[in-house]
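Report on the following structure.
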Amino acid sequence: MAELSMNKVVKRYGATQVVHGVDLDIKDGEFCVFVGPSGCGKSTLLRMIAGLEETSEGRMTIGPKDVTHFDPAERGVAMVFQTYALYPHMTVRENMSFGLKISGEDKTVIKEKVDKAGQILKLADYMDRKPKALSGGQRQRVAIGRAIVRQPDVFLFDEPLSNLDAELRVEMRVEIARLHKQLGATMIYVTHDQVEAMTMADKIVVLRAGRIEQVGAPVELYENPDNLFVAGFIGSPRMNFFDGEVIELGFHQVMVTVPRLGNVVVPVAVQSELRLGQPVTLGLRPEHFDPKGDVKVTLPIDVHENLGGVSYVYSNSDEADLPIIVELRGQRPPVGSDLEIGLNPEFALLFDPQSEERIR
Amino acid sequence: MRRRNSLYIFTIPALLVLALFFIHPVLLTLDMSFTSYKGIGEAKDVGWRNYDRIFSRERYYSEIWLTLWYTVIVVTALTILGLFFAAMLHRLPLIRNFARAALYTPAMMSFVVVGYVWQFLYSPLNGGINVALRDLGLGALEQNWLGDPALAIYSVAFTQIWMFTGFTCAIFLAGFAGIPEEINEAGRLEGANSWQRFRYLELPLLGPAITVSVTLTTIGTLRTFELPFILTKGGPDGATRLLSIEIIDNLFGQYKFGFASALSIIMLIIVLTVAFVQNKILRDREDVS
């Protein structure tokens with residue numbers, strides 16, 4: 001078990017730079033999730049930690065060791081691949097034993113470790129099967145088992161659940177979380193699925209275009225995003241953004257008018273100094289619309305998605321690309337009618353439309 | 001039921017071509033092998049006499065053994081060298097395509113060109129190899145490469161190996177390309193060095209490529225005729241007289257069409273048997289691994 005630290009880590013392919021000076025500390029035993037859109041560099045960063053990609057610049061340490069230029073095998077990491085990367089010609093037992101066998105481990109020790117891993121992962125009945133005779137979930141467990149038996153300092157997961165069907169994904173998600181608790185190991189997990197990120201992580205790292213946008217606990221990122229990107233990326237359905245303008249300044253509070261919502265005036269609490277007439281972007285999550293809310297708005301209903309417990313109303317307008325999304329509970333208004341609803345201004349967030357940074 | 005039977009109608013064109021150009025000539029040859037046909041005149045029926053002659057004389061047995069031995073040498077060397085170069089090139093992506101093309105070039109050349117080039121290289125006095133040895137101060141190693149009965153078969157085999165290593169290498173490179181990169185990366189993470197990854201991960205997964213390569217080169221080598229014909233004409237003293245040379249000699253040297261046909265049938269049976277047995281063994285192995 002060990003902590004991991006990255007200091008100004010850079011990755012270049014020829015002249016193209018894909019990771020731009022990442023600084024990150026992951027504590028011992030932490031479950032850290034890298035999340036971001038496709039091509040944001042999250043898998044590259046993970047592969048750099050694994051040593052499968054050379055680090056072009058910067059320093060990386062695992063525990064007390066500077067592993068920046070170490071071979072993958074010397075780093076004390078184990079990785080679970082998206083495609084599982086099981087050895088198809090070996091049985092489950094041979095797959096899990098391989099690493100120990102070539103490192104010259106004693107046979108009885110290997111058997112003991114592999115049996116134990118098989119037990120933890122409920123694979124005991126499948127030890128003599130080849131991977132092709134296993135289901136997707138079982139293969140994934142074998143891949144995890146192969147990582148466990150080597151007792152690495154850091155576990156790396158590269159989108160391990162994206163090849164599984166929805167039901168199995170939920171099951172394995174719980175299983176990996178359980179495993180993390182049981183082993184207490186440092187785990188780094190790459191995903192583009194923010195549900196996985198929100199539910200599993202101790203710490204989420206949001207990446208965009210090879211840069212860290214924000215690092216924090218899931219709830220912190222959800223409730224207190226640093227910028228427009230994180231606010232829009234974390235949360236499903238996404239946060240609504242409205243163009244607005246400051247029309248009145250108060251003590252630690254400003255009044256913002258929002259044309260898209262019929263020029264309603266929303267009071268927003270802020271500490272920083274704003275000026276009159278300053279353009280701002282106002283962010284509000286779908287669940288922060290509330291029939292009992294203080295600020296009343298009227299929205300035309302274009303689409304109504306009913307998920308049973310909750311439902312979402314989508315409201316388009318000609319001026320904006322994206323529809324406004326409103327979460328409703330218990331209400332089933334007909335499509336084509338107007339929705340009368342309030343919003344809770346205490347949850348509204350302000351962003352600078354130019355720099356996209358949060359105005360706090 | 002009617003629908004299912006009607007599917008076979010679509011195989012008729014292929015079956016026709018096969019019957020016309022493969023089965024028909026084989027049957028004609030079989031028919032001719034029971035005659036003493038000389039190319040012109042009447043074909044006189046001689047029953048099993050041609051076969052009787054083949055199996056009652058030591059010389060034909062030793063030619064069959066020589067053909068098999070030659071095949072063993074060539075196929076073994078082609079497989080090992082092809083694997084070696086493919087494993088190297090697989091690890092050197094920058095030069096892979098260039099080197100593959102370069103290695104494959106000999107296989108694209110005509111047997112006649114290759115034969116005459118190597119005949120020059122092997123020639124005892126001013127041949128390229130002996131001159132090179134002399135210039136390097138290794139004159140003691142000079143040989144009469146094609147003239148020494150103990151050496152000639154290996155000299156011919158070497159030429160054939162030189163010619164077709166690129167071919168097997170290309171098959172194995174295709175096999176390597178079919179192994180997912182993650183398998184190798186997983187091996188690296190588990191601490192397997194390059195040799196261990198080759199031995200325990202890549203080699204077993206190359207099973208299908210090995211089957212294809214060994215089967216194709218075996219069939220090709222058993223039937224080989226051009227190189228020994230050009231390089232040695234079966235000499236010296238019959239040291240390179242493979243079954244195929246014997247057939248050509250009987251056919252166009254002595255116009256014994258009937259006897260040559262009997263030899264051809266024997267050769268066909270050998271090729272089919274070896275290919276069948278080999279394929280069965282290799283396929284079973286693939287399944288196990």
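One-based numbering along the chain as shown.
Using the three backbone atoms N, Cα and C, a Cβ is placed for every residue, glycine included.
Some features that TrEMBL has for this protein:
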DOMAIN    B:64-278  domain 'ABC transmembrane type-1'
TRANSMEM  B:7-27  transmembrane segment
TRANSMEM  B:68-89  transmembrane segment
TRANSMEM  B:101-121  transmembrane segment
TRANSMEM  B:151-179  transmembrane segment
TRANSMEM  B:200-222  transmembrane segment
TRANSMEM  B:257-277  transmembrane segment
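Most Cβ pairs under 8 Å with the transmembrane segment (B:101-121) belong to B:151-179, among the candidate stretches B:68-89, B:151-179, B:257-277.
Of the candidate ranges B:7-27, B:151-179, B:200-222, B:257-277, B:151-179 has the most C-beta pairs within less than 8 angstroms of the transmembrane segment (B:68-89). Residues 26, 29-30, 32-39, 43, 46, 50-51, 53-54, 60, 64, 67-68, 71, 215, 218-219, 222-223, 243-244, 246-248, 250-251 of the same chain lie 6 or more positions beyond the ends of the transmembrane segment (B:257-277) yet place their CB under 8 Å from a CB of it.
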